[in-house]
Amino acid sequence: MKTKKQPNILLTGTPGVGKTTLGKELAQRTGLTYVNIGDLAQEGQLFDGYDDEYQCPILDEDRVVDELDEKMSEGGVIVDYHGCDLFPERWFDIVFVLRTDNTQLYTRLEARGYTGKKLQDNVQCEIFQTIYEEAMEAYSKEIVHQLPSNTPEDMEHNLEQIVHWTEQWMKDHN
């Protein structure tokens, strides 16, 4: 396997915590490639049915992994998705789990049109740290980090931290 010149980063967390905003801005500042798994699945029709309860398509995880595998082995990719245990551990050099205050998350999801069970389940997912625990089980604990994502200041601080980490990684590996 060839050596990557740039790191792969996973941004994960409950829907509504700010992964997409952070990921797009991070890609601009670092030159890494931003991949939103929802968009990738939509473009390639990487679905395996439809979930009537949550009113959304069901991701075909195997096809998503196959679609991305070569790109991930080259490095330099920021992956944005609300799940994390479907991705191979070897893909990522660091995993950031964004966390948001429940009241704020509720408001953000409501503004997106989430209602009923979908809204409640996503807020509960955040309360119970479901994504963080998933990440801790799926990846080496040393590479999993939680970041607060409540305010524009949090976002800016997170960007600075991740840009600094990325620059350091490239110095250490090139």
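Keep in mind that glycine also has a Cβ here, set from the backbone N, Cα and C atoms.
Residues annotated as ATP binding site in TrEMBL: G16, G18, K19, T20, T21, R112. The region 'NMPbind' annotation in TrEMBL covers 36-59. The region 'LID' annotation in TrEMBL covers 111-121.
Residue with the densest Cβ environment among the binding-site residues K19, R112: K19, by other Cβ atoms within 10 Å. Confidence annotation: the region 'NMPbind' (36-59) carries a mean pLDDT of 95 in the model.
Remote same-chain residues near the region 'LID' (111-121) are listed as 15-16, 53-55 (criterion: CB distance under 8 Å, separation of at least six residues from the stretch ends).
With helix defined as DSSP H, G or I and strand as E or B, the region 'LID' (111-121) counts 7 helix, 0 strand, 4 coil. Long-range neighbours of G16 (ATP binding site) (same chain, six or more residues apart, CB within less than 8 Å of its CB): T100, L105, R108, L109, R112, Y114, N122. Annotated ATP site G16, G18, K19, T20, T21, R112; additional same-chain residues within 8 Å of its Cβ mean position, judged by their own Cβ, are P15, V17, L22, R108. Spanning the listed ATP site, residues G16, G18, K19, T20, T21, R112 have a farthest Cα to Cα distance of 15 Å. Its own atom aside, the Cβ of T20 (ATP binding site) has 16 Cβ atoms within 10 angstroms in the protein chains shown. DSSP places the residues of the region 'NMPbind' (36-59) in helix, strand and coil in these numbers: 8 helix, 10 strand, 6 coil.
Least packed by the Cβ count within 10 Å, out of the binding-site residues G18, T21, is T21.
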